[in-house]
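Asker: Can you read through this structure? Questions will come right after.
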Amino acid sequence: MDSRLTETYSTRGDTHGHSNGIPPPRFFPSVAPLIKTNNRMIDDSAKEEIQLNNLEREISSFSSVHQSINGNYRNVEKIMAAFNNLLADSSKSKKAVISDNNEVGVNHDVSSNLFESDIVLTVPQIKGIVLAEKEKMGRRRVKRKVITGGVYRWNEPSSIPYRLKSNDVKWKKQIMDGMKLWERETCLRFQENYGVDDHIVFYKGSGCFSSVGKTGGSQMISIGDGCDSAGIIAHEIGHALGFWHEQSRPDRDYYILIRREFVASGADKNFLSSSYHEADNMGLPYDYGSIMHYGPEAFSSRIGELTIETLKGRFESTIGQRVAPSFVDIKQMNRLYCNERCRGMQLACRHGGYPDPNDCQSCKCPSGLTGPICNKIEQGCGSELRAGRHWKEITHNGKGDCVWRIKTDNAKIRIRLSRVNFECKRTCGNYVEIKSGTDWQQTGFRTCCNEEWSVLSEAEELLILVKSNSDRMRSMRIEYVRERENEFVAEIDMGRELDAPSIKSWVSGQENRSFRPVDNGSADTFILNSIAGIP
């Protein structure tokens with residue numbers, strides 16, 4: 001094996017990529033000024049090299065794990081670029097259009113040098129991902145979301161240290177707002193602290209991106225221009241705390257279809273699914289409403305063409321939200337960091353509720369539900385209703401959050417959405433949400449466009465939520481009726497829940513098993529022998 005290659009990709013004596021080494025001054029090449037030649041800008045390849053050099057310096061400035069010769073981000077990018085060439089469809093020629101109003105769109109100019117658009121990997125992590133792709137054929141797929149390995153956990157969830165590298169008051173407040181989205185729902189607390197080794201540095205960088213899990217020493221979260229919504233910041237914090245993207249779960253093929261014919265050239269690496277060796281789903285189901293999910297047009301080569309199509313139920317307008325972590329996101333985070341808070345509490349929480357780590361005497365309930373055991377609907381403009389043999393209707397006009405629960409006996413419930421007058425967007429901000437399945441932990445399907453829907457519940461009750469916080473007039477009309485076998489002619493069901501695989505029971509602590517080992521030479525051998533193009 002070429003000794004130069006072995007040295008470049010080795011993680012000798014550091015199985016997790018942690019290092020205190022500082023690169024010599026010659027390591028990062030200087031960036032030449034942008035010049036004109038014959039009244040034309042320098043070619044795209046030169047621009048891309050400048051962007052990569054700038055990104056490398058940016059990452060190494062704030063990320064300790066990337067400051068060593070062996071762990072620097074150029075090595076990550078070399079493996080990632082060669083791996084992507086192996087995956088790429090040579091027939092594609094179009095670059096991604098800017099479509100999603102989240103970190104994917106903001107990172108348009110730097111995403112080719114990041115993993116899944118906004119993740120800064122370490123050398124061991126990219127090696128593990130490469131090996132996972134090699135082994136995927138024939139391997140039993142296991143559901144996941146949280147990065148495995150106790151080394152990637154923050155040791156004191158009640159005091160996670162951070163630093164702010166800007167004096168911009170408005171920017172600082174936005175960072176605080178993103179933190180609060182996690183703090184108010186979990187036991188996590190963030191503490192500004194300049195006297196500890198392991199900490200997060202928030203800075204105004206060239207996009208919105210983060211490492212996955214604790215990587216050791218200083219680690220960065222870039223919150224640049226366009227990244228300053230609380231939801232995008234919470235998304236990046238989710239990565240730093242250990243979350244991968246939702247749509248990369250290995251069970252994703254039960255829920256979504258990747259339309260590869262519309263995935264832009266060079267973006268194939270952003271649609272991989274991972275294995276049990278890289279992450280764990282904490283025993284919780286796939287969630288379309290996760291704050292960690294891509295939007296439907298992520299990395300599309302054509303405006304208006306979907307790269308992610310949701311299966312069976314029409315959830316395209318649900319995926320990609322960047323407002324707040326979903327109930328499943330929060331439950332996963334609480335299982336990851338706060339599970340010991342309420343150990344031994346015997347609360348009979350219903351519908352997937354669980355003891356609230358901020359108040360162990362009460363249940364934390366899925367959206368739309370409240371009460372001591374999550375058995376009541378949230379107070380507001382909705383109500384409890386019963387479906388009978390004849391059609392009834394619900395109408396709503398105006399602003400506010402409303403919840404209706406419809407029940408019946410020994411039957412299912414048919415609903416028709418005949419009017420939905422909300423702001424029509426690809427990913428809904430104000431919406432009608434229908435939870436027609438038996439698991440109300442998951443986000444229901446959301447609609448905000450004036451389309452007609454017919455939905456049949458899976459059980460004897462169904463939940464309808466309306467979110468309307470806009471000052472513009474909103475309205476909706478829903479009809480509902482009891483449906484028993486042979487009582488009505490069945491209609492086409494356009495929004496039913498999916499026939500998903502059973503979820504493996506969660507055992508506390510199993511997520512702390514080792515991340516895929518890559519320090520025994522097998523990764524280096526596979527990478528160097530199987531991926532052409534690594535210099």
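Just so it is clear, glycine is given a Cβ too, placed from its N, Cα and C backbone atoms.
Heads up, TrEMBL stuff is auto-annotated, nobody curated it.
Below are the features listed in TrEMBL for this protein:
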ACT_SITE  GLU236  active site
BINDING   HIS235, HIS239, HIS245  Zn(2+) binding site
COMPBIAS  1-12  compositional bias 'Polar residues'
DOMAIN    145-339  domain 'Peptidase M12A'
REGION    1-26  region 'Disordered'
Asker: Among the binding-site residues HIS235, HIS239, which residue has its Cβ surrounded by the fewest other Cβ atoms within 10 Å?
Answerer: HIS239
Asker: Measuring Cα to Cα, how many Å separate HIS245 (Zn(2+) binding site) from GLU236 (active site)?
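Answerer: Pair distance, Cα basis, whole Å: 10 Å.
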Asker: If you average per-residue pLDDT over the domain 'Peptidase M12A' (145-339), what number do you get?
Answerer: 92
Asker: When you measure from the Cβ of GLU236 (active site), which residues in the chain that are at least 6 apart have a Cβ under 8 Å away?
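Answerer: Correct list: GLU103, ASP118, GLY178, CYS208, PHE209, SER210, ILE221, SER222, ILE223, CYS227.
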Asker: With every protein chain in view, how many other Cβ atoms are within 10 Å of the Cβ of HIS245 (Zn(2+) binding site)?
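Answerer: I count 27 other Cβ atoms within 10 Å of it.
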